[in-house]
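Notes follow once the structure below has been shown.
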């Protein structure tokens, strides 16, 4: 929050009434005047925390560990010649810029949930992708995540972040999350419902957060949240884990939503205690075991997290779905074999797991657990496009995709060229790479910077042709080293 931002007096009065006895409203108001500390989360699908810390130190970044997320750090940049979002670490998917409190729901989920290679997880309100990518890293890119987003304008950003982070176990859907309980009852091993809310905890980063604040709007939002948590509960398997979270502070949107569910199904749910989630979690623990994060306690956003276990199954009347035609088919065995032979000969990679599907000339890799859901949902995007087919007969072949190399590139040692900082900048700016020794390279080549693959090129006589998708090109103000 900026110091000029005014907190409505009605809001201050309300917060005074619900503030725990050990906290002071003056401290709450004061912390709301201070800028929010920036934070990042290391993407362990691409780099270890230890190796990232070394890179950060070389950059002059000061990292302070976030207690509830082993991969999370508050970050201070001593010099900032370029935005953090244009750093090589961010562009290459090695880290995700994410507020510290928003790392809590996923940490809470995996405090109680141990995934398998067949686990199916729903992120009910997924955009822009911070929690979806965090879940994927915790699942080590295995199993299946349904990343649902109701806002059509945010689906593109969600996909861009999933692609940048090298994630291959996500299927994207575009529905009102209230449909999942009737459409897919008892389906998910775990569900994250980071519910839409009034955003009372976000005033430190959004000076407009309180412009439309009112008790009537809170009541209206809470009604939607009740419907969302009911749907999530029905979609959850018996013994499944549901995490309910918001970035707001009012009880109507937090504790009261959990009590609403408990009152509806007193014999079917159990509140799980989050006191042992991290050191000092008890400072924000409620009597029920929820975490109600006041911003002055950890110098963070305001937040709420509850962990709920479904202890007993219950029935729900299924709804009629209109799915439309599924646009993919399984390729022939010959084509599948030809594709994998191409990858083996060009990149010496043979450990590609998943189900191969085809749409026109495109070849896609789907996560194995998706199979029973293919006829149950309409997907906005499913799996990753790994190649495109071209030509006919002897002149036919395959072209790899940017998605393929972001997901598999760091596990490939063959046919890889290391770029300098200047060459990596040129690549992100969409330019071809010249003045590079590419002798011995033919056709497609992986391009890496500081040991991590950042994209794909094609070796020609005097240059490497850039294959970066147009929508990912950055024109200026990129990293210096």
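Positions of Cβ are set from backbone N, Cα and C atoms, glycine also.
The S-adenosyl-L-methionine binding site annotation in Swiss-Prot covers 125, 126, 127, 128, 129, 130, 131, 149, 176, 194. Under DSSP, residue 127 (S-adenosyl-L-methionine binding site) is assigned to coil, being neither helix nor strand in the three-state scheme.
Around residue 247 (active site, nucleophile), taking its Cβ as the centre, 24 other Cβ atoms fall within 10 Å, counting all chains. Annotated active site, nucleophile per Swiss-Prot: 247, in sequence order.
Reported as a whole number, the C-alpha separation between residue 125 (S-adenosyl-L-methionine binding site) and residue 247 (active site, nucleophile) equals 13 Å. The distance from the Cα of residue 127 (S-adenosyl-L-methionine binding site) to the Cα of residue 247 (active site, nucleophile) comes to 14 Å. Of the candidate binding-site residues, 129, 131, 176, the one lying closest to residue 247 (active site, nucleophile) when CA atoms are compared is 131. Look at residue 247 (active site, nucleophile): DSSP puts it in coil.
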